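To start, the structure under review is shown below, and the notes come after it.
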Amino acid sequence: MDTNNNIEKEILALAKQKVSPIEYENCLSQLKYNPNASKSDIAFFYAPNTLLCNWITAKYGTLLKEILSQNKVGMHLAHSVDVRIEVAPKIQISTQSNINYKATKMSVKDSYTFENFVVGSCNNTVYEIAKKVAQSDTPPYNPVLFYGGTGLGKTHILNAIGNHALEKHKKVVLVTSEDFLTDFLKHLDNKTMDSFKAKYRHCDFFLLDDAQFLQGKPKLEEEFFHTFNELHANSKQIVLISDRSPKNIAGLEDRLKSRFEWGITAKVMPPDLETKLSIVKQKCQLNQIILPEEVMEYIAQHISDNIRQMEGAIIKISVNANLMNASIDLNLAKTVLEDLQKDHAEGSSLENILLAVAQSLNLKSSEIKVSSRQKNVALARKLVVYFARLYTPNPTLSLAQFLDLKDHSSISKMYSSVKKMLEEEKSPFILSLREEIKNRLNELNDKKTAFNSSE
């Protein structure tokens, strides 16, 4: 037996001692150690599917990290070890030559395609733009920037573009801004920048995820600026993904903001109920998990718009049913998902509410704090009041001061205005906007909680 198999067996044996036999059999036993990707400070594992990958990461990621950090298990490990779990790649038989093939599909995940992307009224525009870009021999728009909240399918659509381009034998580079930075620093230290430039500038499709993280890194922004210019000048397709629109990426150089807006910018909206139900059904089908119709409807209605959280809900129900040897019904689902339905927006600060509203409406926070006749600013101010009344203990006086309102009675009017749009008029736009702002608040509050717990 080779060393890598020994390492995998030793890791799993240690993990088996920490969990119940059923948990080990259903979850951890299916992990495969990936020696090629692993390094001294990071260990990579494969899981057989996306649902199990996400579940093990959330439920057992910390446990695996502790095991690897405290035991050598045949590896030359650093003091602190990170753990990454990915979906196992499908083995494909190539019908073409192998010349530079690995370089042409850098980091593209073949499980994300146009065929398994669930299309609804919330994302149809983004889907059509992405398909046109992927199918065209020359860029129809350049660059393309898709933006929106976490877990709405942006990364899926980016990989779908990459996979379609690969089918046409195009050279594709898909990278996160974090990995772009890491690679940049490595080549800079090794004085091999010519190799770095060749890697990222000689491709047909350059696909960048998390573009907002370029900001605040002058040397990286400078290199990306020149990479962008050369790709654009040579009519190579550039597609960017961000969690906010270019003008709202604080700290990003103006010249990059300008270039991001050269082509077309489209927002990925939160899914409506019908689309959410379609997503839940698809995730169940792909991972061979059978849920009753009423349970799938319950997930769509009560779990947030974040697709990853919906996946997590499906996994949680399935795994708990297996552990308890129980049949899946609505009562089980309600019990298992109780903690996922808690509103993390409770106790939000005024600053977080302001930021969440600003990001959702593509405004700057400073614009919202000043009274304006512009419709989008006026709506934003009303939404800040609405969410502040829902989620903060701040009295009317402090809220009025926060928004520079001289007439404190305006607070009640602004709150009532939003409530009317939601409850009486049932404006689809305002309803969708409310969910997006809540999702952003959840993310901001979760980040704060994680930061505080690490102190």
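Glycine is no exception: its Cβ is also placed from the backbone N, Cα and C atoms.
In the three-state DSSP classification, LYS154 (ATP binding site) falls within a helix. Neighbours of LYS154 (ATP binding site), defined as other CB atoms within 10 A of its CB across all chains, total 21. Residues annotated as ATP binding site in Swiss-Prot, with sequence analysis given as evidence: GLY151, GLY153, LYS154, THR155.
Annotation comment: Swiss-Prot describes 1-75 as region 'Domain I, interacts with DnaA modulators', evidence class sequence analysis.
The region 'Domain II' annotation in Swiss-Prot covers 75-106 and rests on sequence analysis.
Per Swiss-Prot, the feature region 'Domain III, AAA+ region' maps to 107-321; the stated evidence is sequence analysis.
Summarising model confidence by region, the region 'Domain IV, binds dsDNA' (322-455) averages a pLDDT of 79. Annotated region 'Domain IV, binds dsDNA' per Swiss-Prot: 322-455, in sequence order, evidence recorded as sequence analysis.
For the binding-site residues given as GLY151, GLY153, the lowest number of other CB atoms within 10 Å of the residue's CB is seen at GLY151. Cβ neighbour count for THR155 (ATP binding site) (all protein chains, 10 Å cutoff from its Cβ): 21.
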